[in-house]
Structures are given as C-alpha cells and as structure tokens.
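S.K.: Grabbed the feature section from TrEMBL, which reads as follows:
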type	residues	note
TRANSMEM	76-93	transmembrane segment
TRANSMEM	114-137	transmembrane segment
TRANSMEM	206-223	transmembrane segment
TRANSMEM	235-252	transmembrane segment
TRANSMEM	258-276	transmembrane segment
TRANSMEM	306-329	transmembrane segment
TRANSMEM	341-363	transmembrane segment
TRANSMEM	499-520	transmembrane segment
DOMAIN	835-941	domain 'Methyltransferase type 12'
Amino acid sequence: AGSRISGGGSIQPATALIGPHWCSLCSGDVCKRDIRSACGPVRSVALNSHESKPYVFSGCRRHFESGAAMDLQDDLTVFGLSIALLAVAYAIGRVVGPKVTKCETDEQRRKQRAWILTLISSVVCSAHGVFFLGRVIKHGFGHEFSRGETVADRRVALFFLAYCIADLATGALDYIDEIDYQSGWAHHSFYGIGLCVLLYRKHTHFFMAGLIEELPTVLLAWARLAHAKELHWPFALLYFIVRILYHVVATFEVLEHSLFAFGLGLVIFRQHLWWLGAWWRRSSASAHAAGPQETRFKKTNAQLNLHTKLLICAAMVITQSATMLHVTIEGYGRRDWVHETMTVVGLTCAWIYFSYEAVLIFADTYTRGFIALAIKEQKVIYNISWEDPRVEREELKLSSDDVVLTISSAGCNVLDYLLEKPKHITAVDLNEAQLAVLDLKLACVAAKMPQHDFFALWGRSDPRVFTEHYRPSLRARLRRDASRRYWDSNLDELFRDNWMFCGTSGLMAFLFMLIARPLGISSALQRNLRFEDLKKGYLARLIDFGAWVVGQPLVWTYAAPLGGIPPEQLALVDRRPRVFSERIREILATRMWSRDNYFYHGYCTGQFDAFPKCPRYMSAEHYPKLLAMSDAELKERVTLFHGSWGDAEPPTSSGFTFVSLLDSMDWMPPTLLATLVKDMLSRCDRAKCRVFWRSYAPGPMLQQKATDLFTVHSPALAQLPHREVQSYDRVGWYLSQWTATIPQDADLDALCPAGSSKTYENSLMDDALVCLAMARQALRKDKDVAAFYRNQAGRYDGFRESLLPDRDTFLKYTVPWSRVPTLLKKQPTYALVCVGCGTARDVEFVADHLKSLPRSARVALCDLSPELLAQAKLRVDKLGLADRVDLIQCDITAGPAALAKLGLRSKDSAVVACSYCLTMIPAWKAAVDAMLDLLVDDGALCLIDFTQRFDRASTLVERVYKAWFGLDGVYFNRDQVDYVAARTAPEYYAEARSRVPYTPWYPTRYLFAGRKEA
C-alpha cells in the first residue's frame, strides 16, 4: 500500500521494507501481525534525518494519525522557539546595534532596528542555502527535488515563517515608519501564505532551493545597519547571479515536481526583476533626475560611464534570456506530447515576458541616463541645434537693442542670433562639451577662417580642416580652459567619424541615414525633389508605411531617446499619442521635404549642402557678416556661461530683453521649473522682455474640440501672460511654441510660495480603520458624507497623503499666487477660499506665504463636517494663522443667500480652490456655479480631483474605476472637467495617474486653473 523514495531516487514497495515487527509503534505480539491485520493498511512516510538519509516510519493507521498530531506539536514547538529566539536576538541587537554603529538621530535608530531581524534571518537562511547549493552541485536539482522533505527543511521553513511574523510585529511596535507596503506587509504576507501551503503539503524542500538567494540580503541588511546609503556593484552582481540566473534555473527545474512551486517561483522572479530595475535606476540617479538643470540643487556622484553601464545591462539581459531559453529547451521530452505542448507554450510565453521585462531595464538605463552621464563625461549630446531659430527671431523681432539669454546646445541658434547683431548674447549650458562646440565655432570666426573651410569642417565633417587650423590658430582663441581640454583630448576624431553622427543625437542621425540612403531618400533630398514627385513610385509607399510604423507610440517611445529626447519630455505626449503620431507622419510625408529644411537634410544625407540646405550662419551668403566682427567685438557680444539659465547674470543692470529657452523646461518638475523661472525673470527687463520656449506638449491649436484642454505644460508658466505662437517650425517635433511677457506688478517670489514640507503617515492599523469606514460608507444605501468623515477625522491626513497625490503641487504652483496682488487691488475680503478644506492640510503647503499677504486679505476654510473643521482649527492655530483664517461650516450648494449669511459673498474672493471634493458633491454643477460666483472678475478657480481619462472615458477600465470609487461616494464624471472649462478661460490643465494604496487601481487625476471672465 505504501512506498518510499530511497536515497538514490528509486521507488521500492513498502512491503519489501517491513520485517516481522513491521509496526514500530505497537509492542509485543500485536506487532507480529500480517500486513492485513486489524491495524489497517500500511502507511509508509519518508522521514529524514538532518543528513537527508531517509528511513521508513512504518505504522498502522491509528499510529500514523497519532504521528501526524505529534508532527503538528513539533511544528508549533519549533515555531514558538523561533519566535522566542528572534525576540531575544532583537532585544540584544536593539541595545548593541547603536554602540557598534553610532546613531545620531532617532530616525537612524529606527532604521537600524528595522534591519536587525532581517540580518539574522538572512544569515541563517543563507547558511542553509549554501549547504543546499552544495548538494545541488553534487547531485543536481532533480535529485534534491525528488526526495521528500527533511526535518531540517521543515524547521528552516518554520523559522522563516516566524521571522516574517516577528518582523511585522516588532515593526508595528517599534519601527512602523520603516515598514512599507510593498517590501514589508505585502512581501511578508506573500511568503507567509506560500510557506503555509508548502508546510501543509510537506514540500518545504522546494523552499530550500531559494535560501541561497538571501545572500544579497545579508549585504543589504549589514549596509543598512551601518547607515550606508549606497550599495555598490558587487551587490548587483551577486543579486543578478543568485536572484536572477540561479532563480531561473531552479524555478524551471521545479516544474517537473510541483506546479505550485513553479508558479510561486515565477511570481517571486517577477519581484526580483522589479527590485533589480528599481536598484539600477536608483544607482543611476544623479543630479539630473528631472533634466540637467537640476544640478544647481544637487551634487553629482561618481558613476560608471554610460557605455559601461549599457554593456553590463545588455550582458545581463542576454544572459538571463539565454538561461531561460536553455532550461526551457533542456526540459523538452520529459512529458507526453500533450503536456509537452502545453508546457512549451507556457514556458515560451514566460521566456518572452521576462525577457521583455529585462529589456525594459536596459532601455530605462539609456533613456534615463544618457543626458546626465553625457554631462558628467563631457560628451556632446546635440551635434546641431534642433530648434528652428527663424521662429523666435521673427516672432520676437530680434533687434540690435536686445540682450539675449539662450541655451548654447550646438551653438547653431547662438550664431544665427549673432547675425542680427544684438547688443549681447549669454549662451548657457550645463554640459561643458556643448559649450566647447560653440567656443570652437566662435574661435573659427575670430580666426577669420574662410567660409569654404568653415563649411567643410562643420557642414561636411572634414578632419583635414581641423588638423590644419586647430593648433596654429584655433586653440589659442578658445575662451575656456575646459574647451581646450575637450578638444585636446578629442582632436579630429569627432570629425573623422563624421560630426553629423557624433553625440547622442548623432545615433539618431546615423539611423536616419542608414534607412534613407538605400531607399533613395538621401539622393532625392539632394536633388531637391518633393514628396509629391515620388507619389507614383515604390518609395512613396515605403515612406507612407514607415510613417505609420514610426507613428506608433511604442516605436517613438523607444526611438525618441536616440535623438536626445528624455523620458520626462515624452511623458507630455503620453496621454495624447494621436497628436504626436499625426505630427510624425506629417513630418515624414511633408515637412522634411521642404527645400530649406536643413535639419532633416543633414541627418538623412550625413552632410549639409549649399544654402538653404544648411544653417544660414555657415552659408556663403551670411557667414561674411560674422567675419566682419573683430575678435574683441565677438567677445563683447557673446558670453559663455557654464551653469543654469536661472543663474546667468545679464551684462547690464537693465536685464535680459530676449529669452529663448528652447525646450529645456519640458524636462523639469514643477518645483525646479518654478524656482528657475523666478530667478531668471528677476534678471529681466520687465518692460521689454519677451520669453520664448518650445514644448512637446500640444497647444490649443492642435485641439480637435474644446474639451481636449491643451494648455501650457507648466503651472508656473501658466501664471505669466502667455500665448501660443503660430509660426511654422521646420523641425516639427515640438507640438507647441509659446511666448510670454512679465507683468509689471507680478509678485515673482510668489512663483515659489513658502510653506511646510511635512508629510503624514498612518500605521497599518490606522489605514485599516479608514478602509473599514470606507467599506461601511460603500454599504450604506444613503451616503452620509458628514458621518463618513466623523469617524476618521484623526486619521484623515495619513491615509490621504498617498491616496490624494499632487496636493502640494496644486496649492503651491497651480494656484496663481503671482497674480493675487493684482486681484487684491479689487479689494475682495478673501485672498483664498478653500472649498472642502478637510483638516486644512492643503493650507499647510503655503502657510508661510499666506502670512506674507496683506492682513486685510483673509482666508476662508469651508467644509461640511464639523469634526474635520475642529481638526482644521488645531492646525490653523499651530501654523500661526488663526488671526487671518475664517473656519466656515457650510454646504457650498446652499445658494448665494445662505452663503452670504456665513460671510461668503458674491465677487468677494481672489482665488477659490477645491481639492478632491467636487467628485463627492452630488449637485456638482451648483457647486461650480457657487464657486465662480464667489470670485472677482479675472479671479482664479483652481481644482484638483479624480476624473475619467479624457481620451478613454468610455473604456472598461475607466468604468471599473468609476464603479469602484462610486461605492465610497466619489463619482468620476468627465462632464465636470468639460463644464468647468466651458465656464472659465482655462489657463492650465494636466492629467496624471497613480496607484490607490492597497489596490491595483491607477485612476486619473487632473489639475486645473481657470480664469473667471468678466
């Protein structure tokens, strides 16, 4: 009836192993029975010693059942002892840890405590993992997975289960802030449930296979105990070997023995890949996380160069993919053909999926790091300036009286401006290599290099010209030591390899050329053919097909960084793929064929040709104007500045009058952009200055309907008087171009209002109680909003800190504080009215700025819930705002008369803000009308709330979100955005999404600022 698995893996009948005393638990004559005696059928269970040498426990049915009871008792004993030992170890570590590695703050002590149990657990598990790996090396995975579980296997599994529980328990009591949802509660719960299943099935030997993967955790825990912030590349290598390669092999090998363990391994492998990608991104993070301008706030760290990182990442991707493919093929033929087919299909799908995930890490390494690391390594990013200078030159009417501030890039636009002989040009760049390019071009002009040589060097990449002129005449005329070091190290190498293919954007040019030459596009452009001339041939059909392919979002998402376009910039069109795809097709079919479009001509042919197929500053028609300037005049007219355009100083006290920022502001987060704009505008001549910029974000001219709401991409820029420029841009990549002026009475400091940066966090228990309140609200037939908040007022902020994102951006930058002084001249009672203020958390973001407003300008905080207003009063008092804040309990839909009795009168507020409240008001149209009625003419209505994605409002996913949130009385309705936009003059609108805590949902939220029209 029973059988056992011998040490060699062979199956032997249990009856062959049973002697006269076959029931080892019965005594005397009772044991001397036949196998069919009253004791019942034989049950043989392979119980193994610590050395994994199996022996047979053969007993009758009643004694087997009593043995199972003893097994449970043993498990509980081991589990209890493990908990006790971990508790003692934690108590010791809590005392000894701060003495071994000094902790200067309470936060450091909490962080250290959070890793004590993890270090102990990882050391114990790693030791057993090394032992298991040794057996695998000796006998193979098949032998180890075929045997039954051992006593040691089971005890280690129970120990790890005890660790998961102990870590959560001590964390909840002693370091709750250090346990996050992803790597704390979710991770430990997942492993706890998985271990319980393996313990129940007596499959803990499968768990042993993963213990070696705790080795990186030993390094991580030790580093955290020592307060080390960064983990170096040896950690990554070890992680990749044991948690990627080894895990892949172990997971695929276990499929022959347990489908559950295989599935568990795949889920864990996905988590390992996610962690590797997250660590890789953190290790690659630099001062340029949101674009190169951010160096003014952060110091850069030593990094591997980009090529090395890409090589390492590519090796990882290839090795992982090859390993998965090998173990898939190696397992072929072990099953019958039906199971074989199903298994191969499943494994192939797994291989494709995980290989794709690994490739994403590689792509992310390039797209997030190419600009930052190019700046650190002083590598050229842009070999030509990919902004059409004709647009701003004509639109802003550049004149000889202008003092210009612009970005150097490849120097093309600087030299184009110089042809107009402005009073002065300040060319800024954070990349020394880009300044070196402009410096060399200016040196060529100062050295009176003939036009044919200048064109041969920069238009045809002739290295002979560089060699002939650099040492004798150019090097001495370079203005910056950094430029001399750059060209001394590179010499003519960049021109020998073709300057047009140099730099990050040169890779895009090279790919353009590789495609264009075989298709005849290069020769067609050189012969001045237009697309219409090709329409009857195969080339036109190929171009149409190529335009369709390149126009697909998946293609341009990965191709754009090759042209020097960072992911932050692409994010501006992520939710508007139709607009960008149509523009790409228009460029390939029409725009690039223009006879004066030197941008695409240069990239498709690998060279410039005679004007207008080259920038005008290098043409025979215009270059002599530059030669007419003396060396002294050139130095007087052009200044090279290494740094941010927010730090550049004008040459005169009157300030800049012409500012062209290219597309640099597309890369910046709101805080950085607002800070730079404030600093830059403070150095401008308010009466004369014109500011020009380009953006990937589409503008109103590309709207198909008014509800598309295409506006300027930044809330800080929206506060300036701005308009979209309609001039035709030969490049075409930029979906909008803008110009702005500076109001005389604008409060520039208000672009960066001061306030608290404090954050709030709940414990898991606090969040659970809030979720319970939400569940009760969902089950109520009649939604009682006041009762809903009454029971959670004290936990309100912690839960909503992550549930309701971007409130800091909303209050600090979307609210047009720079316009408030102008609006206050109309003498409203309130500078700000907050509808649905809750606990006044939003006010905290701008508390210091509110104190700087005139005392006559008050703030009204309105809410339906007295409990939340009580919390708001405590916060207002603590912030020192009690003398200028009115707390008003009201229903915003009550009507003008009822609101007036409470002090909220018509046309009596400069700004009305509503934060995540409109979706909870059934009569939302009445609420919007009431808020608009409170505003003075030209006052600002500002909203942040959930909505349905504008281009997918009717999709299944959006309907699921709408139904889910509706259970808690939050009603997603796209009509709200459309209604507000129709009732105001929209100045800023943006959508984004983020995950709702403890759920897989990623709902859409929006920020809106609109001006009330008179």
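Every residue gets a Cβ built from N, Cα and C, even glycine.
Could you place these features in context, so I can see how deep they sit and what lies close by?
M.R.: Sequence-distant contacts of the transmembrane segment (235-252), counting only residues of its own chain at least 6 positions beyond either end whose CB sits under 8 Å from a CB of the stretch, comprise 141, 209-210, 212-213, 215-216, 219-220, 223, 262, 265-266, 268-269, 272-273, 275-276, 279-280, 283, 316, 319-320, 323-324, 327-328, 331, 347, 354.
Same-chain residues lying 6 or more positions outside the transmembrane segment (258-276) and placing a CB less than 8 Å from one of its CB atoms are 145, 187, 190, 194, 197-198, 201, 203, 206, 210, 213, 236, 239-240, 243-244, 247-248, 250-252, 350, 354, 357-358, 361.
Taken together, the residues in the domain 'Methyltransferase type 12' (835-941) have a mean pLDDT of 94 on the 0 to 100 scale.
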S.K.: Quick test of the contact rule: Cβ under 8 Å, at least six residues beyond the ends. What residues does that give for the transmembrane segment (76-93)?
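M.R.: The answer is 113, 116-117, 119-121, 154-155, 158-159, 161-163, 165-166, 170.
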